[in-house]
């Protein structure tokens, strides 16, 4: 696709998402630095706990460790770049680096949603078919499901990168293209393009919609069967225990899928840009931050492992 004389396939993008926030850059820098460091601390702690404590060597925690590693990647793709822009007051990013960020953001983000669905399947087997749980959700099968999630995510991401590469962007006199966002996301890139983006929008709603529909359906069906099984349990204590094992996962499902659907699957609207950016902050920064704390604070096994590790540290010191 040939670009107009004043357009280019590889402009310099200016990420201006927080330029109209009305808050000083120093305050935003400290806020996102705190979010990023806490995200790193929480997820690394969870990964190390699950790896160290043999009592957490079960399929559920194997998947949770994988989710934490994905969350580390998801936050690292966006937040360090944002911190550099806030610290230097220079929001410029070359097209090659922008598309690289786009690729890794989508690879981690889509894998995140698929692993969340696999975790719903894990809870379904654990509650509805506990006698076959060790066989159905063995470590080998979990590893294959994680690998399949990554493979599907990378193919999906490469499709959308391939659709973006031919697009043109018309910049200002200096060749800069302004993006009202804090990272190179799909919607802002399409809105800023001077090319026909109909095929891109169609791919988002058809292929992307199908990719969201499958895990969402798996989650809904899994929890429908889980709810039916819980209602049939004879004791109230058993019902409470079963619900507690699913509560953390359901919380993050609603949070993650709700914000993604809001951003990517509503009709494009000029008036929704600020709302889109707020929702993007929620799933790129807040969700990776919240995941380790939601899963650990409501989980006796993880809290017990943390207490054992702290006791061991005090004894050795």
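Each Cβ is built from the backbone N, Cα and C atoms, and glycine gets one as well.
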Expected hit for transmembrane segment in TrEMBL across 27-50, 171-194 is 27-50
When TrEMBL is consulted, the range among 4-24, 277-297 described as transmembrane segment turns out to be 277-297
Contact set of the transmembrane segment (242-265) with the rest of its chain, CB cutoff 8 A exclusive, min separation 6+ beyond the ends, reads 109, 112-113, 116, 119-120, 123, 126-127, 185-187, 204-205, 208-209, 212, 216, 219, 223, 226, 229-230, 233, 275-276, 279-280, 282-283, 286-287, 290-291, 294-295, 298-299
Return yes if the transmembrane segment (202-221) and the transmembrane segment (103-121) have at least 3 CB pairs under 8 Å (sequence gap of 6 or more), otherwise no. yes
The predicted model's mean pLDDT over the domain 'G-protein coupled receptors family 1 profile' (42-295) is 86
